[in-house]
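Visitor: If you scroll down you'll find the structure; I have some questions about it.
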Amino acid sequence: MNENSMEFFLPDLNATDQWGQQLAQQLPLGTIILLQGDLGAGKTSLVQGLGRGLGITGEIVSPTFTIVNEYREGKMPLYHLDLYRLNTLEVEYLYPEQYWQGEDFPLGITAVEWPERLPQLPSQYLQIQLCHQGEGRSIALTAQDWAMDLKELLPPS
């Protein structure tokens, strides 16, 4: 793996949540997270941790049927998009860029589940691939045009 990729293991969903909370403290305003993994891999659990780390006290739920959930009560907004039920053309009409361009919505952290349905990837993002591994999850981080050192995002040993 090169300097733009890293892998590590989280032993359970609680650790995934804890890492999400840690991540929220480190990510800069305007971060786009592309979440990949099978159904039930822990994508929403990670976003729940991100929300807690941002100080969001309300319930954070999967936007599978609402497509987008917006949480604005934390230290910065959190936008959670789930594109699972949409095709590329439907995603294009959703205009997901509005959540990370900072023009129509205040900048925050945008987490996108099923990003392969995006008609075009953003120019800068952090991709997080979650894979089942027993009770835990293997995590692969990949950065695209990312200024931050990925080692800073690793969970504590």
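Glycine is treated like the rest: Cβ placed from N, Cα and C.
OK, Swiss-Prot features for this one:
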BINDING   Gly40, Ala41, Gly42, Lys43, Thr44, Ser45, Glu135  ATP binding site
BINDING   Thr44, Glu113  Mg(2+) binding site
Visitor: Cβ atoms within 10 Å, counted per site: which of Gly40, Gly42 has the most, among these binding-site residues?
Guide: Gly42
Visitor: List the residues of the same chain that sit at least 6 positions away from Ala41 (ATP binding site) in sequence and have their Cβ under 8 Å from its Cβ, in sequence order, or write 'none'.
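Guide: Counting only residues 6 or more apart in sequence, the Cβ neighbours of Ala41 (ATP binding site) under 8 Å are Leu130, Cys131, His132, Arg137.
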Visitor: What is the separation, in Å, between the Cα atoms of Lys43 (ATP binding site) and Glu113 (Mg(2+) binding site)?
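Guide: If we compare the Cα positions of Lys43 (ATP binding site) and Glu113 (Mg(2+) binding site), the gap is 7 Å.
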Visitor: For the ATP binding residues given in the record (Gly40, Ala41, Gly42, Lys43, Thr44, Ser45, Glu135), what is the largest pairwise C-alpha separation in angstrom?
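Guide: Site span for ATP, by Cα atoms: 16 Å.
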Visitor: Reduce the DSSP letter at Glu113 (Mg(2+) binding site) to three states and note it down.
Guide: strand
